[in-house]
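Beneath this line is the structure, given in structure tokens, with notes to follow.
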Amino acid sequence: MSPQTETKASVGFKAGVKEYKLTYYTPEYETKDTDILAAFRVTPQPGVPPEEAGAAVAAESSTGTWTTVWTDGLTSLDRYKGRCYHIEPVPGEEDQFIAYVAYPLDLFEEGSVTNMFTSIVGNVFGFKALRALRLEDLRIPIAYVKTFEGPPHGIQVERDKLNKYGRPLLGCTIKPKLGLSAKNYGRACYECLRGGLDFTKDDENVNSQPFMRWRDRFLFCAEAIYKAQAETGEIKGHYLNATAGNCEEMIKRAVFARELGVPIVMHDYLTGGFTANTSLSHYCRDNGLLLHIHRAMHAVIDRQKNHGMHFRVLAKALRMSGGDHIHSGTVVGKLEGERDITLGFVDLLRDDYIEKDRSRGIYFTQDWVSMPGVLPVRSGGIHVWHMPALTDIFGDDSVLQFGGGTLGHPWGNAPGAVANRVALEACVKARNEGRNLASEGNEIIREAAKWSPELAAACEVWKEIKFIFAAVDTL
């Protein structure tokens, strides 16, 4: 026997492959307050036991690899390894299980969503032993939450900046989303803001294209904001999309927005990436800019029920990375969103402390301590007839974003904005008087339409418009 072989034997090293569950499945483990906890929906390949599948997820997303390695002896696996500590079947689904995994906090860089996701939702999602894998929820411990700055300003500071209280905020995405010149784009913004909206918005794919370069758009939109403010006496804003091909260009656009004196910029946080988003969030905090977040690409990640990552995880990640608004489903309208599940992650965005509630898809109690909240944004196929339901379901701390529901008004953009503002004010007034928006909503809108020809015209145009499809995102 060679000296080298003797050395291997003397330290207990045994080459080869062993089952993951022998090391990473630990049902006796008691979770710590400092652990990051994850709930994975696991669909094992035929013949793979759920314990082995859950342990494989824990291993491949923390310290494990496919074979025993020498260097395991140079560190403390008990201190650093992820542990699958509980597995339960998914009711009503064949061969699907929820695997709960605990990760020691020292596995993750402080203040880095990028690093957290690189481990937890990294290569493990391509693992051959699994047919499918979905991250349903994360519990972020207080010790890790406190390493993030979170939203640049938060809900209360935004209301103070805008001097708008006691109602949802109103917005509009300018359409057509692509093809307008900067001057015509600015004109549409002005008409909507003058009509009564609080915000107008760049569409997520408006960056700096040949038909409208970013600097021209910023200038004309700033002119629209100042003109509308002078005429209405209200503070107005336009979400100027600072998303760019590199971080330096993104920050340059945000700097120009600040120099123009506008209140808010925008970022596509999934296509732009978490590192870029956190950098922009820090700039916005330091320079008094609000930050609107669009979730373009989210459905690629979260739409499939058995693979990918649920949006509640992306919402938590955004709150940590930083953003003052984020699009988060409507329940009504044309885009995906089941009511209880949507309200679950809306609470995760807005509230300080959220209790575990499996009926709403919340797998863990989450304490955000002092981190500011994020305003959820409702958009996609909504119009004046949806106003009572939106006001009732989401309350005051939300942004209601009507694109086609403003610009599609038969009389033009400003009357479309007037119709939405009148409908909102009528719903808030009725709610404050104790009326039931769920049962009396249509009547409230009809009463308001008697005094607003703009609202009456909008009601007539969209009276038959419905988007009736079953939600894909169910428990």
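Note that Cβ sites are derived from N, Cα and C of the backbone, with glycine treated the same way.
Quick look at what Swiss-Prot annotates:
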type     : residues                                       : note
MOD_RES  : Pro3                                           : N-acetylproline
MOD_RES  : Lys14                                          : N6,N6,N6-trimethyllysine
BINDING  : Asn123, Thr173, Lys177, Arg295, His327, Ser379 : substrate binding site
ACT_SITE : Lys175                                         : active site, proton acceptor
BINDING  : Lys201, Asp203, Glu204                         : Mg(2+) binding site
MOD_RES  : Lys201                                         : N6-carboxylysine
ACT_SITE : His294                                         : active site, proton acceptor
SITE     : Lys334                                         : site 'Transition state stabilizer'
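Pairwise Cα distances among Asn123, Thr173, Lys177, Arg295, His327, Ser379, the recorded substrate-binding residues, top out at 37 Å. Of all the recorded positions in the record (Lys175, Asp203, Glu204, His294), the one with the smallest CA separation from His327 (substrate binding site) is His294. Of the listed binding-site residues, namely Asp203, Glu204, the sparsest Cβ surroundings within 10 Å are found at Asp203. Annotation note: Lys177 (substrate binding site) sits in a coil segment as assigned by DSSP.
Candidate recorded positions: Lys175, Lys201, Asp203, Glu204, His294. Nearest to Asn123 (substrate binding site) by Cα distance: His294. DSSP assigns Ser379 (substrate binding site) to a strand. Cβ proximity to the Mg(2+) site centre (mean Cβ of Lys201, Asp203, Glu204, cutoff 8 Å) flags the following additional same-chain residues: Thr173, Ile174, Lys177, Asp202, Asn205, Val206, Tyr239, Asn241, Met266, His294. Nearest neighbour of Lys201 (Mg(2+) binding site) by Cα distance, taken over the recorded positions Thr173, Lys175, Lys177, His294: Thr173. Residues within less than 8 Å, Cβ to Cβ, of His294 (active site, proton acceptor) and separated from it by at least 6 positions along the same chain comprise Glu204, Asn241, Met266, His267, Asp268, Tyr269, Ile326, His327. Using Cα positions, the member of the binding-site residues Asp203, Arg295, Ser379 nearest to Lys175 (active site, proton acceptor) is identified as Asp203. The Cβ of Thr173 (substrate binding site) lies under 8 Å from the Cβ of Thr200, Lys201, Asp202, Asp203, Ser379, Gln401, Gly403, each on the same chain and at least six residues away in sequence.
Per-site Cβ counts within 10 Å over the binding-site residues Asn123, Ser379 peak at Ser379. When secondary structure is read from DSSP and collapsed to three states, Asn123 (substrate binding site) falls in the helix class.
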